[in-house]
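Taken from Swiss-Prot as is:
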- 198-305: domain 'Ig-like C2-type 3' (DOMAIN)
- 926-1023: domain 'Fibronectin type-III 6' (DOMAIN)
- Asn42: N-linked glycosylation site (CARBOHYD)
- Asn179: N-linked glycosylation site (CARBOHYD)
- Asn295: N-linked glycosylation site (CARBOHYD)
- Asn439: N-linked glycosylation site (CARBOHYD)
- Asn458: N-linked glycosylation site (CARBOHYD)
- Asn608: N-linked glycosylation site (CARBOHYD)
- Asn684: N-linked glycosylation site (CARBOHYD)
- Asn878: N-linked glycosylation site (CARBOHYD)
- 1010-1066: region 'Disordered' (REGION)
- 1143-1281: region 'Disordered' (REGION)
Amino acid sequence: AAAKNGSPPQSAGASVRTFTPLYFLVEPVDTLSVRGSSVILNCSAYSEPSPNIEWKKDGTFLNLVSDDRRQLLPDGSLFISNVVHSKHNKPDEGFYQCVATVDNLGTIVSRTAKLAVAGLPRFTSQPEPSSIYVGNSGILNCEVNADLVPFVRWEQNRQPLLLDDRIVKLPSGTLVISNATEGDEGLYRCIVESGGPPKFSDEAELKVLQESEEMLDLVFLMRPSSMIKVIGQSAVLPCVASGLPAPVIRWMKNEDVLDTESSGRLALLAGGSLEISDVTEDDAGTYFCVADNGNKTIEAQAELTVQVPPEFLKQPANIYARESMDIVFECEVTGKPAPTVKWVKNGDVVIPSDYFKIVKEHNLQVLGLVKSDEGFYQCIAENDVGNAQAGAQLIILEHAPATTGPLPSAPRDVVASLVSTRFIKLTWRTPASDPHGDNLTYSVFYTKEGVARERVENTSQPGEMQVTIQNLMPATVYIFKVMAQNKHGSGESSAPLRVETQPEVQLPGPAPNIRAYATSPTSITVTWETPLSGNGEIQNYKLYYMEKGTDKEQDVDVSSHSYTINGLKKYTEYSFRVVAYNKHGPGVSTQDVAVRTLSDVPSAAPQNLSLEVRNSKSIVIHWQPPSSATQNGQITGYKIRYRKASRKSDVTETVVTGTQLSQLIEGLDRGTEYNFRVAALTVNGTGPATDWLSAETFESDLDESRVPEVPSSLHVRPLVTSIVVSWTPPENQNIVVRGYAIGYGIGSPHAQTIKVDYKQRYYTIENLDPSSHYVITLKAFNNVGEGIPLYESAVTRPHTDTSEVDLFVINAPYTPVPDPTPMMPPVGVQASILSHDTIRITWADNSLPKHQKITDSRYYTVRWKTNIPANTKYKNANATTLSYLVTGLKPNTLYEFSVMVTKGRRSSTWSMTAHGATFELVPTSPPKDVTVVSKEGKPRTIIVNWQPPSEANGKITGYIIYYSTDVNAEIHDWVIEPVVGNRLTHQIQELTLDTPYYFKIQARNSKGMGPMSEAVQFRTPKADSSDKMPNDQALGSAGKGGRLPDLGSDYKPPMSGSNSPHGSPTSPLDSNMLLVIIVSIGVITIVVVVIIAVFCTRRTTSHQKKKRAACKSVNGSHKYKGNCKDVKPPDLWIHHERLELKPIDKSPDPNPVMTDTPIPRNSQDITPVDNSMDSNIHQRRNSYRGHESEDSMSTLAGRRGMRPKMMMPFDSQPPQQSVRNTPSTDTMPASSSQTCCTDHQDPEGATSSSYLASSQEEDSGQSLPTAHVRPSHPLKSFAVPAIPPPGPPIYDPALPSTPLLSQQALNHHLHSVKTASIGTLGRSRPPMPVVVPSAPEVQEATRMLEDSESSYEPDELTKEMAHLEGLMKDLNAITTA
């Protein structure tokens, strides 16, 4: 593969050239000059050696040696003196380009710069005499050539005119005078000075008139004009208005008012023109100039277009390549308008061909590299406002020299196993020199016959002996050679193989000039011409057409060049394409052409017509447009016709716009019934109207300035699980009532509230509890608020009451007689999405009574379902209002809803359906079917497969894979692998061999993360003979891109011993045997110590026990308050798990000596992995623990330990730091050491449960870490042997003992120490730091034997020995795990 911007592929003995910098420091820019002046076009380039600079004008090199007016400056710039420019001779104006060349290296070209020369001054408009009122605005025109505008200035009375905030010159040259004064009166003229003699315009007199009380019409003196500006320039939108009173100018952009005072880039110039500084793309749009003088408002608009010069998003990169390879120079540009791109090689334009192709819009692809392709390639982008260039260098590498090792011979039996029109498949056998060929790769070199440019295609993996060559030309001869490579290099090439691709079948090309046009609302005519490449006689054509938005395509056979399709839908868009047929079959299809049938009058009436009586003189009419299939065109309006019901001949008609779906009809008579109907309009005419719908205005206008009064009555009828509530409206009928609010609940009416329509007179409260006392309240409400409530109570019937017939409802005197007309279904059903499980359904009912005060017993049934799965059943609910809240829906699911009205025993049909899709929700189920398998041939790589969650609740946008070797670890300690949402499999590489891993997967969507899957265990396979490696290599692989998450930030590579990179590997068997021997020695030592301790404690005297029990804590928190002589002294060897060290009550020495104890560190230092041991292990960590330490220990145990370690390197580094201060026991008096306990102070703020014990340190450099507080009691806490450094096991009884440290203490001081897993007891147990215990000191042991007496009863001793036996079983389990 080609190398980009980096070091090239290196081979032994190969010398590789480096990229040579060659670039422009300064490039020429567009310049404007005048006749006779001098101009400099800057250019400077850098390279080593210095480049040679030349110039091109209009694509042709300039001969500067013999040119008197043009010369090359030392830095490479072009100097032109005495610019020549006339009507028939313009030798200096044009496009210039700087060319930099380095011999034997390459050439680059600069951007193109335009040199424009201002022409002779010509006035297109001149100032004219005018008058202006004091305080008003006026203009004086002076328009010249666009390139001469910068050279225009004005004079007043033959004196230079000074410009200020009140008098400005616009970019066009026009002079604007605002807020005119008498001093502005005079003669004005404009002058153009462009290098030659100045040119004067005609003089015009400006008269200033005094203010007048007459009204002067408001007019624009100058309107804004559309313009195009380049980003970063300034734009001035002119706008000057005049009138009496004087107008005020304001500006708007896209209907938003512009704030010209606070904006830093917007300014209002004299007269009202708008100036925009430093134009950006966001400034583009339509601007409105609005002039207002209080009597009249006028406006004018202009479009501002902002253009952006080309800018590179991605520039070409330098490339190393070898001959026959394919390369791609990438180039990505942006600009407005979109720039065009061309490529230049060493200053010459690259012409696209078979081997130089433009791919992916702007990239240059070079196929089959040859030595002459080497050089500099430049991407040149250009649009209307500028151009830019960026380049890169291509270096063709020499083939690597042959090595001394054996090279493969030529591949055998090279054949073309498959030959098609545009591809050839080659196969071969392995070389005779390497019959297996598993590690050989192959390169296929091929070229078109007669062409020197050769290309290469490599096999995808070692051992593969076939390749398919794509993108060939039909009926073309190609020459193929195959070459094998091994680790020493490329071998011999096979004999050339000559293969010719198959010729393509001669099929017709696309039919040109296909056109389609509508001839009527239901027909379209399509025409086309004969294909240019017919390849024989055209037999017939097939015309395909399809309605836009559908996927069903229809076709018809045609023998001519045109066809008219009838029976199409009105005002519907169709797409058409044509395929020509000859004797070989169908040819190439044409591009689709789209056309819409003509519009027609609507074929259906508007939908869901409803009437709302607003007051005594107005009615609001509502409707919905006809269905889209019946509109037959763009709805341009609606025609509303209405009349009094008593006089059918008197019809009033009004027309509204097509976007309006309601209309207020005013000026009606009081208490009068009116009929209404609506029809839709298109440009073709009026469609059918709806049926007449009636409504009656109120007799009088009702008051809504206050809340309604209390309802006149409230009645309740209790049933078993429901209560029927009925009421009558307030007595005062002159106050508007919008509805009623019913509150109810057991013992209180505020538990739930239901609102019903103002026309309703009863309601059934459902889903109540039997035999329960409910309090019910009723309030009328309107837009002002709720009125005074009316209270009632009722007790629902018990379950045993089977009388469910409600005679009160059946014989209700207020139930009206059913309307003999059939029930009409509800209309205007709409679904409003509220949340992920709630949708509100609303509708209208056209079958309500004509007047507003009559009520009946009708209710509505809402049904809904989803179509996934297809056999889902409908769900139903009843409602007595015109809306219903559907809850309990599934997230991200499309539902359909319909409504039916029921009154008495009659029901309507179901309404038209409405659809609504609930919002998304986070996944509520984890990914399922999680499986883990090992990748074949790669034991360190596994493949995780899964299926999406069953309850995704939305589109899955991604997954997160968690994995760890400790299933109980906190989730933030697991390693994560993100996966995109469309993937259901993922590879994880560089895992540790023969190690159990646990995997969890979590899905996410746009709302968040879902739950995790259950942990799936997978043990990586053991390494076979080919995969085995030294221990240091296995460990080192994690640091080279591996994914071992548990090493943590404290990991340090091995530095010495057997774990060093150069050490010999240690087999797992030797390591395990060494561990067993060490632990066994530790167990034997413990047994000996325990026997001695038991013997000593049996001789402890009663007097000595009382003396030890008298030890109190410093804060006086000792909880054993009995007589000291009743306290049995603790035997630390037996009561190990129930005692703790007591704090110092009083120190006999007022100035205890404190010493710093440095801790040497070697490979025996071991850090505990986790603090998740069970409770009895927690108790055994501290030999002295009583009731005082339970709280602190529980807090300590809850803290998180260090992250678990997956691998077990041992560290033999020298000490890194000193340990905290500890009291020295060597300098304390003997009496204090016998009667006092020591309180340990933790500098890290740890609890008092972290106690350390120490014994005398040996002088040997191999001593274990000793950071201990020596307890006054002569007995030591239990300790477990530690793992010694690599090498033969050594047991030194003189080594100091190290008790089991608490998790918190170890976390503070042993940061960089590595751990080794000891084993488990059938459950998760962390590795424990272990050391070899030492026997008690001789003096202490002698004192203990002298003071002790036998005081334990046989049964007590039996219990203690049983407990000791439990400890020994735990130790045995550790050694065998």
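Numbering starts at 1 and runs along the chain as displayed.
Each residue, glycine too, has its Cβ placed from N, Cα and C.
Mapped onto this structure are the features recorded in Swiss-Prot.
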residue: Asn42; record: N-linked glycosylation site; Cβ contacts under 8 Å, 6 or more apart: Val26, Glu27, Pro28, Val29, Asp75, Ser77
residue: Asn179; record: N-linked glycosylation site; Cβ contacts under 8 Å, 6 or more apart: Gly135, Asn136, Ser137, Arg166, Ala270
residue: Asn295; record: N-linked glycosylation site; Cβ contacts under 8 Å, 6 or more apart: Met215, Leu218, Pro245
residue: Asn439; record: N-linked glycosylation site; Cβ contacts under 8 Å, 6 or more apart: Pro462, Gly463, Asn486, Lys487
residue: Asn458; record: N-linked glycosylation site; Cβ contacts under 8 Å, 6 or more apart: Thr441, Tyr442, Ser443, Val444, Val467
residue: Asn608; record: N-linked glycosylation site; Cβ contacts under 8 Å, 6 or more apart: His622, Trp623, Gln624, Val827, Gly828, Ala844
residue: Asn684; record: N-linked glycosylation site; Cβ contacts under 8 Å, 6 or more apart: Ser599, Asp600, Val601, Asn632, Gly633
residue: Asn878; record: N-linked glycosylation site; Cβ contacts under 8 Å, 6 or more apart: Tyr859, Tyr860, Thr861, Val862
Within the domain 'Ig-like C2-type 3' (198-305), residues counted as helix, strand or coil by DSSP: 6 helix, 58 strand, 44 coil
Mean of pLDDT values spanning the domain 'Fibronectin type-III 6' (926-1023): 92
For the domain 'Fibronectin type-III 6' (926-1023), the number of residues DSSP places in helix, strand and coil: 3 helix, 54 strand, 41 coil
DSSP three-state assignment (helix, strand or coil) for Asn42 (N-linked glycosylation site): coil
Asn608 (N-linked glycosylation site): secondary structure state under DSSP, collapsed to three categories: strand
Assigned element (helix, strand, coil) containing Asn878 (N-linked glycosylation site), judged by DSSP: strand
